[in-house]
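Here TrEMBL flags Cys2 as active site, nucleophile. Annotation comment: TrEMBL describes Lys615 as active site, for Fru-6P isomerization activity. Annotation comment: TrEMBL describes 2-226 as domain 'Glutamine amidotransferase type-2'. Residues annotated as domain 'SIS' in TrEMBL: 293-432, 465-610.
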Amino acid sequence: MCGIVGYVGGRDALDIVVEALRRMEYRGYDSAGVAILDGQGHTAIEKKAGRLENLDKQIATVGRDSLAGSTGMGHTRWATHGQPTDRNAHPHVSLDGKIAVVHNGIIENYAPLRAELEAEGVEFASDTDTETAVHLISREYTQGATAGDFVASAYAALRRLDGAFTLVFTHSDHPDTIVAARRSTPLVVGVGDGEMFVASDVTAFIEHTRDAVELGHDEVVVITADSYTVTDFDQEPREGKPFHIDWDLAAAEKGGHDFFMLKEIAEQPAALADTMLGHLEDGRIVLDEQRLTDDDLRDVDKVFVVACGTAYHAGLLAKYAIEHWTRLPVEVELASEFRYRDPVLDRSTLVVAISQSGETADTLEAVRHAKDQKARVLAICNTNGAQIPRESDAVLYTHAGPEIGVASTKCFLAQIAAAYMVGLALAQARGTKYADEVAREFAAMESMTEAVREVLDTMEPVRELARSLAHHNTVLFIGRHVGYPVALEGALKLKELAYMHAEGFAAGELKHGPIALIEDGLPVIIVMPSPAGRALLHSKMVSNIREIQARGARTIVISEADDVAAQTVADHFIPIPSTPTLLQPLVSTVPLQVFAATVAQTRGYDVDKPRNLAKSVTVE
Ligand code: M6R
């Protein structure tokens with residue numbers, strides 16, 4: 001949700017900033033803009049509504065010479081306040097054009113601040129909340145105790161701001177310095193050789209350095225080409241946490257695929273393997289940053305899983321595994337609903353927060369609410385040092401590598417594996433499973449890497465089918481047991497990528513209403529339970545299929561390759577390998593991802609950047 005980057009060094013800032021925006025465009029693509037400082041008292045701004053390619057064209061038109069300089073910053077926007085227009089594109093500048101700002105998040109008290117500034121005669125050039133920040137600094141810089149001191153003016157302005165935001169400021173007369181601040185939303189420093197970066201995400205500078213510094217909540221960093229200084233908003237020293245990025249530029253590129261999403265679908269076996277790697281030691285499950293003891297885990301009497309979107313679907317699956325393995329009650333809740341209904345939480349409640357980005361505002365607020373109520377929080381996250389893991393009591397990282405396609409794919413599979421490992425960790429601490437049973441479950445999970453690879457190798461018929469159905473207006477998805485969250489996930493993928501009406505249902509619910517939607521030729525995708533593992537459910541599902549077939553539905557059935565009963569009721573049959581019941585979603589999801597991506601491609605849509613969406617959602 002908005003990508004921001006700042007650079008101070010010895011090289012051409014424009015190239016570095018634009019390339020960083022290209023890598024971060026998945027965070028938002030309503031507009032893009034750059035500010036480049038020429039080192040002689042002037043800041044050149046170019047910005048344009050729409051995708052980065054519009055800015056590229058504009059830069060080509062004005063000429064690169066007008067954007068020469070070795071300090072700069074850039075922004076790619078997901079609009080919150082104000083339409084996605086040129087006027088509202090970032091950077092925003094002070095009235096004298098000297099101070100520039102880019103921003104991610106929301107300045108919640110912008111309205112009274114704007115009124116205060118307007119009363120002093122400031123004329124705003126945009127409808128954004130962001131612009132208040134730059135005029136506040138400008139006022140500080142021109143009057144009072146902070147006059148003429150850019151850094152002190154930035155601190156003074158920052159102290160006036162409420163909300164969740166990352167801000168980066170430059171000043172034409174101080175071209176060697178960038179000030180950046182974060183309150184909740186992400187900001188990371190990249191430490192190069194004689195150059196320094198600040199960005200929303202390490203992908204912005206991975207090409208130049210893999211040494212980074214994680215910043216905490218309410219921290220400010222002042223960078224020059226050779227130094228970075230971290231403080232709180234009151235200028236008290238804080239220690240940033242240095243870390244080395246354990247993946248490289250290749251991981252942030254398409255690697256021969258047309259879209260990141262297609263590459264990420266193909267990477268799922270590795271994402272699964274890497275997520276499980278090293279988590280079984282001497283027959284025991286180990287988490288990453290386990291700030292919860294086995295005694296804490298034994299005290300747990302109830303589990304809540306909170307998450308959004310695809311991560312929520314991983315949470316729904318976690319319920320089946322954790323309840324089965326631990327006999328603990330598990331509730332799964334959309335993070336955006338959780339804290340507003342006053343859930344019953346106490347010290348014995350374990351809240352599992354699942355988030356690929358680790359910065360989703362709804363999930364972060366759910367974590368904070370849980371902690372306020374004294375619950376223990378365990379985060380499952382794909383982003384090292386993000387805010388959700390920082391504020392949690394324990395962390396299990398999914399090692400899926402960077403996920404750049406806006407639609408989550410490999411992280412979903414990694415989240416399922418991680419959530420299941422949490423279930424096994426609870427089972428081992430509470431003694432509901434012996435060590436050899438834990439090891440057996442873990443080995444079964446490890447074997448899924450191969451099963452997913454097998455599915456990926458047989459996707460051509462799914463692509464053909466998707467192309468033939470791309471003209472439909474609606475597709476329904478049904479499943480039972482662990483197939484139900486998979487159906488929800490399949491529908492979400494199709495909605496967000498192909499802008500097609502798609503709904504997922506528990507198959508048993510159809511006859512309670514949704515069956516009224518069935519009409520001649522309507523495609524229905526069915527995720528079958530295992531014929532051996534869930535024989536009773538399987539036979540009920542066959543009956544459900546007959547019911548919709550009798551009403552004209554075109555049935556597309558995903559089931560184990562030797563499921564003869566399913567094949568007899570399938571207009572199209574998609575085979576998957578036979579797996580233990582709880583692990584079936586790891587293979588049954590894959591055809592649904594491929595199906596949605598292919599429908600979207602056939603309709604001519606950009607599957608990496610679906611309309612109206614952004615990769616990480618840092619506003620509630
Ligand atoms: O970063 P998170 O896992 O917290 O994100 C949660 C959802 O916003 C995310 O899964 C979203 O639903 C995806 N676009 C789904 O493909």
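For all residues, glycine too, the Cβ spot is worked out from N, Cα and C.
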Original post:
Taking DSSP three-state, what's Cys2 (active site, nucleophile) in: helix, strand or coil?
Top reply: coil
**OP:** May I have the DSSP-based helix, strand and coil counts for the residues of the domain 'SIS' (293-432)?
**Re:** 69 helix, 28 strand, 43 coil
**OP:** Please work out the mean pLDDT for the residues of the domain 'SIS' (465-610).
**Re:** 96
**OP:** Just give the helix, strand and coil counts over the domain 'SIS' (465-610), going by DSSP.
**Re:** 73 helix, 29 strand, 44 coil
